[in-house]
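Trainee: One structure coming up, written as structure tokens, with questions to follow.
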Amino acid sequence: MFGKLRPLMAAIWQAPAKGLLSMGVHPNAVTIAGTIGVVFGACFFFPQGGAMLFWGVLVITFFVITDMLDGTMARLSGKTSRLGAYLDSTLDRVADAAIFGALVWSFRVDEPATSLAALLCLAFGSFVPYARAKAESLGVEASGGIAERSDRLVIALVATGLVGLGLPVWVLTWTLFLLAVLAAITVVQRTMAVVRANREDLRDHEDHHRDSLDYADHPDHHPGEPAANDVDEPGGR
């Protein structure tokens, strides 16, 4: 859902991206700095609980923006690379681990259900990108789904910030449980994309096998043409 806003956000961040490029900042440096900021915001503020949850969300949100800024910089400078794509994907996992891991730690004593929900989000959230990466390594497009990373992250941060402003903790607890379920559904959706592709492969294999058998029975017969004994003789019925 929120992933569809990327083109708009990329347009908004063109000016800051150009400014950083003019200063000689490399897109990969922005990616790394953004991840360090997210890890700091989560691991320093979240374990303190209370209002610090809100301030942690503000810090994290500021640095999460770099996830769009570095990509815009790479496109404008022509510095898109496999290393940049690898860093972006890998450090996203680091950021997710810091955010949900800090929530697990923060609520482990007083709110074990919230801690468990955050742990499930961390676990199922890690399956989602793996399902896509493995599918694409097999030549299957398996992006999308009911809840992509950006969707889950925004919702989790909003719920955390609201609890930091005074809402009851159960708001965050049930939100995290819901996000864990949505992540699991997304994994299933991406798995089904591979299942459909596998069925198509099997059909193609069966068609090829049938053609091979036809050729073995009629070596002079070309697929798509009637076999010699299928041609009506003149005057035949």
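Just so you know, glycine gets a Cβ as well, placed from its N, Cα and C.
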Trainee: May I ask you to find which of Asp67, Asp151 TrEMBL records for the Mg(2+) 2 site already listed with Asp88, Asp92?
Mentor: Asp67
Trainee: Which of Ser22, Ser81 does TrEMBL put in the same CDP-1,2-diacyl-sn-glycerol site as Asn28, Ala29, Val30, Thr31, Gly71, Arg75?
Mentor: Ser81
Trainee: Calculate the distance in Å between the alpha carbons (Cα) of Ser81 (CDP-1,2-diacyl-sn-glycerol binding site) and Asp92 (active site, proton acceptor), and round it to a whole number.
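Mentor: Cα-Cα distance, Ser81 (CDP-1,2-diacyl-sn-glycerol binding site) to Asp92 (active site, proton acceptor): 17 Å.
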Trainee: Using DSSP with the three-state reduction, classify Asp67 (Mg(2+) 2 binding site) as helix, strand or coil.
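Mentor: Once the DSSP labels are grouped into three classes, Asp67 (Mg(2+) 2 binding site) ends up as helix.
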Trainee: Which chain neighbours of the Mg(2+) 2 site, leaving out Asp67, Asp88, Asp92, have a Cβ atom within 8 Å of the mean position of the site's Cβ atoms?
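Mentor: Close Cβ neighbours, site residues excluded: Thr31, Gly34, Thr35, Asp70, Ser89, Leu91, Ala95.
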Trainee: I'd like the Cβ neighbour count for Asp67 (Mg(2+) 2 binding site), meaning other Cβ atoms within 10 Å of its Cβ, all protein chains included.
Mentor: 22
Trainee: Of Asn28, Thr31, Ser81, the binding-site residues given in the record, which has the fewest other CB atoms within 10 A of its CB?
Mentor: Ser81
Trainee: Given the binding-site residues Ala29, Val30, which one has the fewest other C-beta atoms within 10 angstroms of its C-beta?
Mentor: Ala29
